[in-house]
Each structure stands twice: as structure tokens, then as C-alpha cells.
Amino acid sequence: MVDWTEKYRPASLSEVRGNDTARDALAEWAETWPDHREAVVVHGSPGIGKTSAAHALANDAGWDVVELNASDQRTADVVERVAGEAARSGTLTGGSGGRKLVLLDEADNLHGNIDRGGSAAITRLVDDAPQPIVLVANEYYEMSSSLRSACREIEFRDVSKRSIVPVLRDVCRREDVTYEEDALAAIAEQNAGDLRSAVNDLQALAEQDRTLTADDVVMGERDRTEGVFDYLDDVIATHSAREALQAAYDVDETPDDLLSWVADNVPKDYRGGELADAYEFLSNADVWLGRVRATQNYAYWRYATDNVAAGVAAARRHDHGGWTRYGPPSYWRKLGSSRATREKRDYVARHIAETAGCSMATARNDVLPFLRVLTHHCKNRELTVAMAAAYELDTEHVAFVTGSGETTNKVASIVADAEERRTDAAVDHSEGAFAGAVREDNTDEDSAADETTDGDEDTGADSQRGLDEFF
């Protein structure tokens, strides 16, 4: 099963529809690039042909393409290694004129530690690269000002309904789909300027029967919901991509959850090649969901839904008969069975983070494994008591960290000693706070207090000695 948006991706800029002005500006930028050597930012809404136009441009010019998008990690090191090296080495290995097109997709989505230093590295790259560079963005002003100022800007606008309909008509002719004009108009209207989504909907509705009427088009608000098991019947147990897409809109589940349900249950009904095709569609859906997580652009949910619903249904070739018992995703069952363990882990990590002033992730991934080794089965009792005192751990959490039995006397005595240490430390702190209120003429009491304080300081020092050895 071939994705029609890929099958009919424009091979030349002349085939790009709905953005003639932007298309011509991109062609002019490429033709004059040796004179100005500027990078260009192509920006606009999702699904209107920005990335396709960049690939079509490279095809026209005979340039190879090196691409980085939001599915890739884009730290400074990665940008330098992949895009930077490609830009510098293109003169030796590239296509026409020895050039490569460096394509940085979703350039407006560089996030925190995930893409650490990526924006600065891209800015340096566009300033110095001896190869043409195209940056693609949905939100132009989400890019850094320094990066915007270093590039030429070309805006792609939403594709109008009258531009979408001829594209759908052309796809129908190539795919031998009999169609009603009103159906194409309805798809174009429904997809509000998103050409890619319009082609996806056309494929979902027309691929099976090769006919398309206005009544077939899913339109308007859906005012009913169905259960997830009904949805699985519509997607897995039938051949109709159209019904599967309708069911996906009717069921009250997110695309992430639908993917989990279908991925776990489709092997119960599909065989051989049809199973392989179904998993290819699920893989495509997962790619789109990854882009949602990377960019927080939930418009991409639509493309994931097309794959996980209509794509999987279209992959079915045979009716295997019988009744299939569907069940919830095994991943969810595993999460349920491990919930108690995860709750204990997070409790300990939270107390470590609050005490040490680090993040939960650092506490969970770096500090906690270290503590487990040092306190394994409570063999180093002093350290285990110090840990329990410092992080205020009770019996179940000491047992979790050390791997010891929760009901053993050893763990109970460690928790009791830790509680005593915390109490002693609190008393010592309170006495220090009121030391100035002791009467000057009560020298005997002062001496006694001094002795007590000295003893408590020794105890306080003991309570910290074990923790010092952790760090």
C-alpha cells in the first residue's frame, strides 16, 4: 500500500500547486544563489507543500538532499556533523554543479536540552556554508531572531479550495477513481487549505471501491461516539477504509491510544503480507505522533489517524472468518502491574530531588541507582540509616532501595534509627535557635547546656557522616 501523498509528491517545482508566487520566488532564489549565497526560510501552515517544494527544487537542479527534521536530534554536534559536513563536502560528491541542498525541516521547533545548541549551530551554518540551505518552518516567529535575520524569507500560504480540487481530480484520474465533483469540493472544503490532508482523505475514501460520491465524504461534526471494541471491528474486521476513518472520528480515544489498541490486536486477524502492510501504516502513524510530541503541533494527529485507521483497514485482503476476542494493549497491562513499583521509585526520587536540589530525572536516573549499589541488602548499615534519615524514607521505601524484604527486622530497625536521628537533629536545631535566651547568671545551666549541645553536635555530625560518603 503506497501513501498517495508520497506517490504524487511533485517531482518538479512546476507541479507545485496553490502557491505560485512562493514557488517562483524559491526558483529565483536557487538560480541566483551563487551570487548571494543566502539561506532561505520557507514558512507557512502544515500540509501546504513547503517540504515538497524544496525536494522538487533539488530535483530540478540535480542536487542531492541532506535532511534533518524534528524526528532527529538536532544538538549543535549533530547539526555540525550531519548538515555542516554535507554543506562543506558537497562540492566533491554532490549533483549538478557539485552541490547538495541542505534541508532543515521544522526549523521552528528546537527544544531545550533535546536540541541543545542547535539554533546557534544552524545560525553559524547558514552564515558559513558553501552550499544552498533551505529551512522549513510552520511558525516563522518561533525561530530565533538571529536565525531569521540570517536568511531570506519566502511565505507559503494555505492552499485554496479551488487549487486543491484540481489536484484531487488529477489523483483520481491516475488512480482510476470514478468521482463526483461535489465529493472533491467537499473534501477540499473540509480540509481548510491543507492539501496533504485532502489527499489523505481522498485515499481513505476512494482507494477500496475506486468510486467516490458526495455521500461518501465524512463531513460536519460527529455527534455520536462508539466504544473502542466497535472501533477495532470497523478497522480490523472489515475491508472498508471509509468506515474505518469514520469510526476513528466517532471513537473517544486519542490517536496515540488508538495506535496502541490496533498494534496489539491486528495480529489476531491479519496474516502474512496484509499484516506487514498494516504494520507499515502503523509505523507511519507513529512517525506522525513523534512529530506531534516534538513540535506540539496537533494538526499532525490527522495524518496519524489516517494511517492507523484507513491505512490498516485498506491493508486487509482476506476475510478469515470467525470471531476474534480483542483485548487492551499489553503495554497498558504491564504499566498497571508495575504501577506500585513506579510509585515507590518516584517517591524516593522526589525526596532526593528536594533534598539535593536536583531534577527528578537526575535523582531517578543517576542518584537512585548509586544509592541502590551502596545500600544493597542494607550491608552498609550506617549508610542506609543516613540515607533513610536524609530522605525521610519509611519501611517500604527503604526496602525498595535496598532490595530487602519490607517486613524484615533489619529494615524496621534502620527506619527506627533514622527516625531517631531526625528527631535528635531537630532538637539540636531548636536548642541552637534559643541559645541566646539562656540567663547569663545561670552558669551551671550554661555548662550543662554546653555539654548537651556538644553531645548533640556529635550526634548531628554522625547523622551526616554517612551522607557525605555518597557525594
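Cβ atoms are placed via backbone N, Cα and C, with glycine included.
Marked as ATP binding site by Swiss-Prot on the basis of sequence analysis: Gly44, Ser45, Pro46, Gly47, Ile48, Gly49, Lys50, Thr51. Over all protein chains present, the Cβ of Ser45 (ATP binding site) has 17 other Cβ atoms lying within 10 Å. DSSP assigns Ser45 (ATP binding site) to coil in the three-state reduction, outside any helix or strand.
Sequence annotations record features per position, and here Swiss-Prot assigns compositional bias 'Basic and acidic residues' to 422-431.
Annotated compositional bias 'Acidic residues' per Swiss-Prot: 442-460, in sequence order.
According to Swiss-Prot, the feature region 'Disordered' maps to 422-471.
Taking the centre of the Cβ atoms of Gly44, Ser45, Pro46, Gly47, Ile48, Gly49, Lys50, Thr51 as the ATP site, the nearby residues of that chain (Cβ within 8 Å, site residues left out) are Asn138, Phe156, Asp194, Leu195, Arg196. Listed in sequence order, the residues of the same chain lying 6 or more apart from Thr51 (ATP binding site) and placing their CB within less than 8 Å of its CB are Leu103, Asp105, Val136. A sphere of 10 angstroms centred on the C-beta of Pro46 (ATP binding site) encloses 20 other C-beta atoms.
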